[in-house]
Amino acid sequence: MTPSRPLGLIAAFAALAVLYALPAIAPRALVQDLFGVLTLLVLALNWNTLAGFAGLVSVGQQAFVGIGAYAMFAAIILMDLNPLVGVLIGGLAAAAFALPMAFFAFRLNGAYFAIGTWVVADIARLGISQWKALGGGTGTSLPKGTAKDMAFVDRIKAALDVSSAAAADALTYWLMLTLAVAMLVAGHVFLRSRMGLGLQAIRDNETAARSVGVDPVRLKALVFLLTAFGTGLCGALAFIQITRVTPDAAFSVIDWTAFVIFITVIGGIGTLPGPIVGAVIFYALQRLLADYGTIYLIVLGCLGIAVMLFARRGLWGVFTGRTGIDLLPLTHRPPKSAAPQPQASRRTA
Amino acid sequence: MSALLQIAGLTAHYGDFQALFGVDLTLQDGETLAVIGANGAGKTTLMRAITGIAKVTAGTVTLAGEDITRLPAPEILTRGIAMVPEGRRLFPSLTVEENLLIGAHARKGNGHWTLEKVQALFPILKERRHNPGTALSGGQQQMVAIGRALMSNPRVLLCDELSLGLVPVVIKEIYAAFPRIKASGTSIIVVEQDIGQALRVADHVHCMMEGRITLSGRPAELSRSAIHDAYFGVSHA
């Protein structure tokens, strides 16, 4: 462990403690803002795993956000379930949708895969807009008071001495923050595992990876399913706070995929801290340029192009390259035993 | 010795082009076998067909009595056939050590070859273990590729054009490791254009031309003119 690592870990834990404490000490508007940033961070972490590590450049992630959101609405409105159960159902529904989507999309490569995922997402949007029970093309809203009736809201309200709405915001914020931390930790553990090593080999050279026993289709399908689950959970949670869903909003390619790609690319695609750096920059730009209307989007676009041209590994990649500091290295070490002896049950290929 | 790998009437294509025409070949347990031939003779397609990468259209590949002809490549590797591909094909984003570790991906249980033993076979790989695999010299990269294949603990090691692009002193250094690989119980098939090198390491030599075996025998039994004829397809005057 380099001397910078313990310091980095202490700083990370301190930042995390502040983030968790925020609903108790910061205005509600900031909590809501950060909820939006965390939503994009979770989506970026998932997209980064998919595109940056598995080489699956999907432009159809909005399908999982939309399916997750609509499944959550269906669970609450049609089945009268608890919203938090609805969020879990949202994740599972997105993973279930990923199965047939992978069946079609995995027959495509490169640019065709990207376009194919986009097309499937749009078909999902059109399909959902036919679901009359959830408002069809005009969408629907959560029943009044749904967010306020969630489990733990009363306790948070009493503990923080805030309104029910602010307590609901705090709960969804904490859930999204926990989801982001879980994604980061799970991503780190996964990428440092044998499967993660296989995934990096596939990204480098799929044919050579196959020749050393890595099964690219199975491994990519697993990553596709897991990231669909994570994206679906995130979508469902995001729309609990929004409280209203329409096909256009839930399946928006700009909101749920384009911004996410921007965050990942400027932060550093194929690195774990990259999406965090990208999300912080995105939020800072959003705040700085909030009063300038569309200029904000032009600046985002120019920055994205500049990073792609002059810092292809993203800002975190540049920082790591210049300083040698990597807070979440993905280097694999041999097992402590004399020989690497993977068990048959752990095999992915 | 018993037949470890039996290839019978193997026919395979390279894209739309038929590259193998009913190839027969037998590798005995503990043997080193060389397949020589000019460019386009079908040597690499033969290796790819054995390892399940090229599609076999007729014939059989049998490993220790089990028909493995149409098994997927990862399954064939699991059963004990590993290949050192032409051009090494190391993973550029992985370090030397990670390139070796990924070789154990399909491995089941214990075996002779461990990271330590591979590093003992090629000590430079331990020195350079944290370097990116592709930052090494061509010869060192070839050592990584051999080590990576050994990490799967193969019963049969297929080496495709090890000498390609390497200077003679490096080729000699790499082939010097073969007796130790063989002593570990791994049988070897070497595909080479370098006839002299092939004759030095092999117990048996097969010459290929236009997708067919045109000459077979022990190195000592084969005359230079017979090899020349079988290799180039012209009569040696």
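The backbone N, Cα and C atoms fix where each Cβ goes, glycine too.
Curation plays no part in TrEMBL annotations; they are all automatic predictions.
Ranges compared are A:190-209, A:330-349, and TrEMBL records region 'Disordered' for A:330-349. Residues A:85-104 are the range that TrEMBL records as transmembrane segment, among A:5-24, A:85-104. The stretch from A:33-56, A:221-240, A:260-285, A:292-311 that makes the most Cβ contacts under 8 Å with the transmembrane segment (A:85-104) is A:221-240.
Most Cβ pairs under 8 Å to the transmembrane segment (A:33-56), among the stretches A:111-128, A:171-191, A:221-240, A:260-285, belong to A:260-285.
Highest Cβ contact count with the transmembrane segment (A:171-191) among the listed stretches A:111-128, A:221-240, A:260-285, A:292-311 falls to A:221-240 (criterion: pairs under 8 Å). Long-range neighbours of the transmembrane segment (A:111-128) within the same chain, counting only residues 6 or more positions beyond its ends whose Cβ lies under 8 Å from a Cβ of the stretch, are 56-63, 66-67, 70, 97, 101, 104-105, 134, 247-248, 250-251, 253. Within the chain carrying the transmembrane segment (A:221-240), a Cβ under 8 angstroms from the stretch's Cβ atoms is held by residues 39, 42-43, 45-47, 49-50, 53-54, 56, 61, 64-69, 71-73, 83, 86-95, 97-99, 101-102, 106, 142, 146-147, 150, 172, 175-176, 179, 183, 195, 199, 250, 256, 348, all 6 or more beyond its ends.
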